[in-house]
Amino acid sequence: MSWGTELWDQFDNLEKHTQWGIDVLEKFIKFVKERTEIELSYAKQLRNLSKKYQPKKNSKEEEEYRYTSARAFLATLNEMNDYAGQHEVISENMTSLITGELTRYVQELKQERKSHFHDGRKAQQHIETCWKQLEASKRRFERDCKEADRAQQYFEKMDADINVTKADVEKARQQAQLRHQMAEDSKAEYSSTLQKFNSEQHDHYYTHIPHIFQKIQEMEERRIVRIGESMKTFAEVDRQVIPIIGKCLDEITKAAESIDHKNDSQLVIEAFKSGFEPPGDVEFEDFTQPMKRTVSESSLSNSRGDGKSEPKFGGKSKGKLWPFIKKNKLMSLLTSPHQPPPPPPASASPSAVPNGPQSPKQQKEPLSHRFNEFMTSKPKIHCFRSLKRGLSLKLGAGPEDFSNLPPEQRRKKLQQKVDELNKDIQKEMDQRDALTKMKDVYIKNPQMGDAASVDHRLAELGQNIEKLRLEVQKFEGWLAEVEGRLSMRTEARRQSGLYEAQNTSAVNSCAQDRESPDGSYTEEQSQETEMKVPATDFDDEFDDEEPLPTIGTCKALYTFEGQNEGTISVAEGEMLYVIEEDKGDGWTRIRRNEDEEGYVPTSYVEVYLDKNAKDS
C-alpha cells in the first residue's frame, strides 16, 4: 500500500491533505495550551483560597489551633496547597512535554513537507518539458513529411510536362530529394525524442513520483503517530499526579480522623478554668425585723468608720458570687471615662445646659423621695482602687507576676513563662557550645580564624544565660507561691464552715465592692445591705494603696452631671482638686473630698496645675 502507486495522479489532493494534518496538529497544540492555562488558574485560585483561611501570625487565631478540630482544618488547608501544586505540575509537564515538543515538530514538519512537494513539482515540470519537446519533434516531422510529399508531386508533374526544360525538371528532382532527406531526419529525431520521453515518463511515474509520494506518506504517518503519542502523554501527565493527589486526600482524611472531641473539651477546661470553688447556697434573709437606717452624711461616714454591722444568718459570703456576674458593670466603669467627652454648653449659664441639675434655690423634693431614690440608685463612685487596676489592665499594663489573673490561670501563665525561659536558656547554651567548639578549631588551626574574636560573643552569651536563670528563679518562686496558695485554699474551703454574715450600709458598697483577681468582674450590690466577708489574699493587694496626690486645682466652667460610672458631677463655679490631668482622651480626674473622685470633661473645667507638681 503505497501512495506513489495508488495515488500517482493525486498530487494536488495529497498537498491539501498534508496541510490539513498540520492544521490538526496546531489545533491540538492550542488545545493543550489552553488546558495548561486553566490548570495554572485553578492552582492559583486554590492557593489563594488556602492562604485566605490561613491563621494570621501573632494573632488570636493562632491560639485556636491548639484544638484538634482547628489543627485538622489547618492540615486540610496545607494539603489543598499541595493539591494546587500538583495542578501546577500538570501545567508545567504539558507545556514542556507536549506544547514545546509539538511546536518544534510542527516547524520541522512544515519544512519537510515543503521540500517533498518542491521535489514533486520539479519532477512534474521536467516531464512536462519532455512532453513539449516530443510534441515539437512530432510536429516538425509531420511538416517535413508533407513538404517532401508536395516536392515529389511537383517533380512528377514537371517530369511529365514536355514543354518544361530539362534543367527545370532536374531542379524539381533535387528539391524533392532534399525534402525527402529532411523528412527522414525529422523522423529519426522524432523517434529519438519519443524513446527519450517514454523513458522519462516511465521513470517519472514509476520511480521519481513514487519515491516522493512515499516520503510524503512516511511524513504523514509520523505526524499521526506523533499526535497519538502526545494524546497519550496528555493523559499520562494527569495520571502521574493522581497518586500524589490521592495522598493529599488521604492526609485530609487522616486529619479529619485525628480530631479528638475529648481532648478539645479538656483544652477548653484548661484554657478557662479559674480555680475557684462554686458558690454555696444563698441563705434566707429575714426583713421582717425592724432595721435602723439613716441617710445623714455624718451617720454614713460614722457607720463606715466604725465598721459596725448587725450579724445575719450564717452562710457563705455574697461576695463570692462574682465569677458568675456579667462583666457589663465593670466594663462600663472602665470605658466610661474614656468615652468621647460631651462638648461644652453653648452658654456658661446653668440654664443653657440641657438636662442640667436644678439650682439649689429651687424647691427641694420631699426627704422621703430623696431617701428612696438614694437607696435604690447604684453608687456612681466605685472603689477607685478597682478602677485604677481595671484601667491598667485595659491598657495592657498587667503585672509581671500575672497577679491580675485567677489562681488557675495565673499558675498556667507562670508555668508557660518558665518553660519559655528554659527554652531560651537552652538556645543560648547551644550557641555557647557551638562557639566554644569553633574557638577550639581556631586554636588548633590559626589559619582558619582568630580565636580571640569569639571571646566577646561568649561573654555576652554567658551574661544572657545568667540573666535568664535569674528570671527563671523569679518566676519559679511566684509559681511555687501560687501552687502553695491554691492547695491551702482548696483545703481551707473543704474544712471551713459558713462565713459569718454582717449587715452594713448601702453607701459602704464602694469600700466593700469585690473584684475578681483579674479586675474583670464586680459585685452587684444590694439595695439595702451587703454581706461583709473576711479579707482574702486578693484584698491585701489593694489595701496598701495610697490615694493619689493632688497636682493642682480646677474651676468648673459649666455644670456637668456625671451619669456614667467613673464620672463625678460638678456645679458651675465649684473649685476642686486635680489628681490626674488629661492624658489626651478629653477627661480630667478630680477630687472633691477624701471620698469623692471621678472624671469630668476637660473642656468643662479650667485647670490650675501646681508648678512643683508639674516639674516633678
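Note that Cβ sites are derived from N, Cα and C of the backbone, with glycine treated the same way.
Features reported for this protein in TrEMBL:
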{"type": "COILED", "residues": "155-186", "note": "coiled coil"}
{"type": "COILED", "residues": "411-471", "note": "coiled coil"}
{"type": "COMPBIAS", "residues": "338-347", "note": "compositional bias 'Pro residues'"}
{"type": "COMPBIAS", "residues": "501-511", "note": "compositional bias 'Polar residues'"}
{"type": "DOMAIN", "residues": "1-264", "note": "domain 'F-BAR'"}
{"type": "DOMAIN", "residues": "404-481", "note": "domain 'REM-1'"}
{"type": "DOMAIN", "residues": "549-610", "note": "domain 'SH3'"}
{"type": "REGION", "residues": "280-320", "note": "region 'Disordered'"}
{"type": "REGION", "residues": "333-366", "note": "region 'Disordered'"}
{"type": "REGION", "residues": "497-533", "note": "region 'Disordered'"}
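Note on the coiled coil (155-186): mean pLDDT across this stretch is 87.
Assigned with DSSP, the residues of the domain 'REM-1' (404-481) fall into helix, strand and coil as follows: 72 helix, 0 strand, 6 coil. Across the domain 'SH3' (549-610), the DSSP tally of helix, strand and coil residues reads 3 helix, 29 strand, 30 coil.
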